[in-house]
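Colleague: Quick one: the structure is below, questions incoming.
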């Protein structure tokens, strides 16, 4: 691998060539830029490699930026832009012009026609950068899209299909997950993941890598268990019942703690399989109480627990801890406990960004994490030289025994600097810390602006003003990243921006980012950190002896290079722990990632296929093979097929009646027999849908295949998540948890594929059965809401017209106007379906006393409206009968009377269902999964 030095030397030559083309570019008229862009596109289309166009494309974009924005890219910016094009991370100091730098590789790679994504950490930066650079791209003849939250799908699709798309990291990931849940290819918004340029790459690819993106749905209620676990956590004696690993922030029960837990929950064995869930909830409750602090990891606002980004201090909107930890914190804070949701789709940032054909990024600090970038993303970190030398003075740390002493000295120094007039930026590690310092500043009578997770609305505005004379700005970590703090000449003459850090951060690069807010573009400046033995980092890593010796200092402090090195070593150790944690998340997610990619690829092929018979046949082979296995028995020590039993299970159900006799199955190799059975299944299925137009069959097949896919994939990731949550217990059995997880998750995935195949084959065998010799009444038609809605929409019928007379009249009219035989056949089938619906409604009337109501909300609302009932929940059976009799008296024709009778029968049946549910709602029943997927036991509330 080439060194930074050799890469910079090579890229410097590229940059010199680009600069040498400036006179030639100056000669171009404005309208020539789009023409030149098209020429470059044509050359790529004709086989020229995009790498060979770096010099020409960058020279063209540089001149365009100069004309539109008045900005002439420096050589170092061009070097940074070349680093990005070749798929690496460019470390560029604050103020070196990353926004302009990203313009060049975006333009060059957009010429391939495959799209470029420029990823930012928030929507403000996406909007700002798209507006600034969008003017340049417009001159170049390149389209720009802006993606954001709550945008309608058509606008999202338009944004993603632009040559260059600006978007936030979270929305980009969620759009990917949502795209892989659609049932119609037209509903997808993204195209291929070609090239991503990530602004603040360390924040996105490192800091947020531990928290996966999750789309949830459905819910399961364990509120009482969360409350019980929280009550137990409150009774725990911190010294006797638990051990807290301060380095990893894990909590473990001691022997006395385990005994207390067994007594509290009346359990004989805390580690028994059936108690895995409650043990997991206990540990979550202990974490919530003893390692998570309000104002540090999360904040409570308007009765909701909101996560705080540990590296930026921003609120992580829409994000929540998984595996029940969010609910444990809600129980601790006495706010409403949300019902735990089922994970419908999930992916980590690590695995998402590895899907891109090429990945690059920019940030002010990433070199300290280069090992992680190489191992996880296969990207190097190349440090760009600054345009002007850095003259900022980074003063040695002040170290104190107590926090109070550190803050007392900090306030003294702030007063001194403020009297001179230098602007001051105070960086803190948490909301709690910033609010503590705010109280000290207020007490000292100092005016200041504050940005933290509770006060982030004016973030960019406050940061942009932080370079004014006498300004004091208090911010959590790197709030305001992406917004420059610009200084007037007067402030520069005073010595520039002064940065004070209150305690060291978990990672050295975060400290460097804070320092880097001062001294941009060769400006003067100064930085210093105030450390105390009561800081979180010191509590976790400094020895008790060292902490005790510092307490003797009182209000005094020391400046020691030895101690500064010790702090740096502690940070390195913590960086290693955090990397291990992220690597651990990735190791487990890699298993799911392989399965997810396989599922999504097959799902995509189903969405785009013009014919699904090949897919269906594969499912039928799987089902046939499983049926052969299920119908085999051990006879004289050998597994032998019970041919009669197999024949009985498929004859007339999955294959044509009398298609096989038992002897056809004798002496056949299993896979050959499975293929033979699958071919017969496919023949049988094709015969059943032979009279239905191909487009209707394809739509029906696609809908049912995707429904089964999504149902069992959702179930798979939910079970895999629970499996992962408890897998660490394998350590106690001297097993490797990851190896066990791989084995069990693979077995689970194989079963999931079998479940999907089984359901698809079963559902398709029952959808529509047509026999031309049978009359309408004897045809068996399964009617779905989608089919009915499509027919109503295409024919102009309404739900009020669902009677034999209106249906026949409408279809006679439409058939008379039909242009071809295929349309006539389609209309005839639709007529049969609608007449079948009338029969189903009549049957429902006749059997409403012992049938459940399976109508949708709209149909039920219509029935209630017919009888004039507002709310069935507050209505008695007698009132329903009374309303029915009133309406029947007012009815003027048989059609209206018929509807009133149907409405009465349906509403009474629904009323009886509700009463039954109310009666049984409190009973709990243990349900063991019928599919035997590893003995998962769930508590299900009846009703």
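Count begins at 1; order follows the chain as displayed.
Here the Cβ of each residue, glycine as well, is placed from N, Cα and C on the backbone.
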Colleague: 484, 493, 511, 535: which one does Swiss-Prot list with 77, 95, 96, 97, 98, 99 for the ATP site?
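Modeller: Same ATP site in Swiss-Prot: 484.
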Colleague: Please report the three-state DSSP label of residue 96 (ATP binding site).
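Modeller: Once the DSSP labels are grouped into three classes, residue 96 (ATP binding site) ends up as coil.
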Colleague: Name them in sequence order: residues not among 77, 95, 96, 97, 98, 99, 484 whose Cβ is within 8 Å of the mean position of the Cβ atoms defining the ATP site.
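Modeller: For the ATP site the neighbour list reads 92, 94, 100, 101.
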Colleague: Using all protein chains shown, find which of the binding-site residues 77, 99 scores highest when you count other CB atoms within 10 A of its CB.
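Modeller: Per the Cβ count, the most surrounded site is 77.
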Colleague: Max CA to CA distance in Å over the ATP-binding set 77, 95, 96, 97, 98, 99, 484?
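Modeller: Spelled out: the longest distance between any two Cα atoms in 77, 95, 96, 97, 98, 99, 484 is 16 Å.
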Colleague: Residues with Cβ closer than 8 Å to the Cβ of residue 98 (ATP binding site), same chain and 6+ apart in sequence?
Modeller: 80, 92, 199, 362
Colleague: Of 96, 484, which of the binding-site residues has the most Cβ neighbours inside 10 Å?
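Modeller: That would be 96, with the highest Cβ count within 10 Å.
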